[in-house]
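Now, the feature entries from TrEMBL:
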TRANSMEM  6-25  transmembrane segment
REGION    48-81  region 'Disordered'
BINDING   Pro87, Thr88, Tyr89, Asp118, Arg155, Arg160, Asp185, Asp186, Asp187, His300, Thr301, Arg302  UDP-alpha-D-glucuronate binding site
BINDING   Asp187  Mn(2+) binding site
SITE      Glu218  site 'Interaction with galactose moiety of substrate glycoprotein'
ACT_SITE  Glu273  active site, proton donor/acceptor
CARBOHYD  Asn292  N-linked glycosylation site
SITE      Asn310  site 'Interaction with galactose moiety of substrate glycoprotein'
Amino acid sequence: MKSVLVSRFFILLPWILIVIIMLDVDTRRPAAPLTPRPYFSPYAVGRGGPRLPLRRGGPVRGAEKRNESRQQPQPQPQLPTIYAITPTYSRPVQKAELTRLANTFRQVAQLHWILVEDAAARSELVSRFLARAGLPSTHLHVPTPRRYKRPGLPRATEQRNAGLAWLRQRHQHQRAQPGVLFFADDDNTYSLELFQEMRTTRKVSVWPVGLVGGRRYERPLVENGKVVGWYTGWRADRPFAIDMAGFAVSLQVILSNPKAVFKRRGSQPGMQESDFLKQITTVEELEPKANNCTKVLVWHTRTEKVNLANEPKYHLDTVKIEV
Ligand code: UGA
Ligand code: MN
C-alpha cells in the first residue's frame, strides 16, 4: 500500500512542478497598463541637481518623442539639460497656468524647471504645486520693487536675473555640462517639438513666435541659413526684434558672459530681449531653428483676466479651497 502511494507521488511530482513553474512565470510578466501610469516624482524641490527623469521607455537621445517600447529607463548623460526659467506671480489663474506648463514640461526629457516667484517669500501654493509636479526643479523668489510694478514697464526682470544667477552659481566650479537655457513665461503655449529644436543650440538659437507683436506671428528672416532681418509688426529696428519665447542660449554662453543680465535702467518694454541678446551674441551668429524659422512651435498666448465679480467679500464657503 505504502509503495503504491510513493509511486503515485513520484508520478504526480513532475506535473505539480510544471504547474508551479508555469504559474510563477505568468505572475512575473507585468500586465500591460491600460492607460499610461501617472508619473509622480521623488524629486525634492530645489534640492539636488538635475537628475534624470524616470520616463517610461527612457528618452531617446536627441529626440523628445516618448519611446513606446517597454525598456528600462536608460541614463542619457549626453543629452543637454534644458533649463527653463519661468517668472511667475500670484493671481487667480496662476495655478492653472503652472499646471498647463508642468503638463508640457513633464513630457520633455532632461528638463530642469527654474521657477522664480515674484514675491517676498516662496508661497505655499507654488511650493505645494512643485512638490507634486513630478519635475526636477528649483524654486526661487525675488520681489519686483514696487516702483517697477507699473504698466508700461518691463516685467520679470529681477526674476529672470535670479534664475541666471542660480545657474551661474551652480556651475561655477565645474566644467559646464551640456545645457540650454530658455525663458519660459508661464502663460505661453509650447509644442514638444520646440524642445527638440532648442536642445541642439550651440550658442544662441532663434525661431518664430505665434500670436505676438500685433501679428499672427513674428519670425527671424533667414537667407542661406543665416538670420538677415526680422518679420515683425513692432520696432523692426531693434537689433534683435524677437520675443522672450523666441530664443535659447547654451549654458556655455551664459557662463562665459557672467555679466549678461536683464537691465532695468534704460530698458523699455519690448526691448529686454534685444538688450540681453546684444550682450552675448551677434545677429550673424544666430542659429535658425524650426526649419529655417518657417514653423511656429510656440505661441505668445495670454490668459484672459478672470471675472470674479460674484466672489463674496468675506469667506462664505464651509471649506477653504485652493484654486
Ligand atoms: C511680453 C513678453 O513676452 C515677456 O517675456 C516680457 O517680460 C513682457 O512682455 C514685458 O512687458 O516685460 P506679456 O505677455 O506682456 O509678455 O507679459 P506677462 O506674461 O504678463 O509677463 C511675463 C512673465 O513675467 C510671466 O511669466 C509672468 O508670470 C511674469 N510676471 C509678470 C511676473 O513675474 N510679475 C509680474 O508682475 C508680471
Ligand atoms: Mn505673457
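Just so it is clear, glycine is given a Cβ too, placed from its N, Cα and C backbone atoms.
Note: TrEMBL annotation is automatic and uncurated.
TrEMBL feature annotations superimposed on the structure.
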residue	record	CB count, 10 Å
Pro87	UDP-alpha-D-glucuronate binding site	26
Tyr89	UDP-alpha-D-glucuronate binding site	18
Arg155	UDP-alpha-D-glucuronate binding site	18
Asp185	UDP-alpha-D-glucuronate binding site	22
Asp187	UDP-alpha-D-glucuronate binding site	18
Glu218	site 'Interaction with galactose moiety of substrate glycoprotein'	25
Glu273	active site, proton donor/acceptor	21
Asn292	N-linked glycosylation site	17
Thr301	UDP-alpha-D-glucuronate binding site	16
Asn310	site 'Interaction with galactose moiety of substrate glycoprotein'	5
Candidate recorded positions Pro87, Tyr89, Glu273, Thr301, pick with smallest Cα gap to the residue listed as 'N-linked glycosylation site': Glu273
Pro87 (UDP-alpha-D-glucuronate binding site): secondary structure state under DSSP, collapsed to three categories: strand
Cβ under 6 Å from ligand 1: qualifying recorded positions of Pro87, Tyr89, Glu273: Pro87, Tyr89
In sequence order, those binding-site residues of Tyr89, Asp185, Asp187 whose CB lies under 6 Å from ligand 2: Asp185, Asp187
Among Pro87, Thr88, Tyr89, Asp118, Arg155, Arg160, Asp185, Asp186, Asp187, His300, Thr301, Arg302, the record's UDP-alpha-D-glucuronate binders - longest CA distance, Å: 20
DSSP three-state assignment (helix, strand or coil) for Glu218 (site 'Interaction with galactose moiety of substrate glycoprotein'): strand
Length of the line joining the Cα atoms of Tyr89 (UDP-alpha-D-glucuronate binding site) and the residue listed as 'active site, proton donor/acceptor', in Å: 20
Asn310 (site 'Interaction with galactose moiety of substrate glycoprotein') and Pro87 (UDP-alpha-D-glucuronate binding site), distance between Cα atoms, whole Å: 29
Nearest-integer angstrom distance between the alpha carbons (Cα) of Thr301 (UDP-alpha-D-glucuronate binding site) and Glu218 (site 'Interaction with galactose moiety of substrate glycoprotein'): 13
Shortest C-alpha distance to Asp185 (UDP-alpha-D-glucuronate binding site) - which of the recorded positions Glu218, Glu273, Asn310: Glu273
Length of the line joining the Cα atoms of Asn310 (site 'Interaction with galactose moiety of substrate glycoprotein') and Arg155 (UDP-alpha-D-glucuronate binding site), in Å: 29
Closest of Arg155, Asp187, Glu273 to Glu218 (site 'Interaction with galactose moiety of substrate glycoprotein'), Cα positions, recorded positions only: Glu273
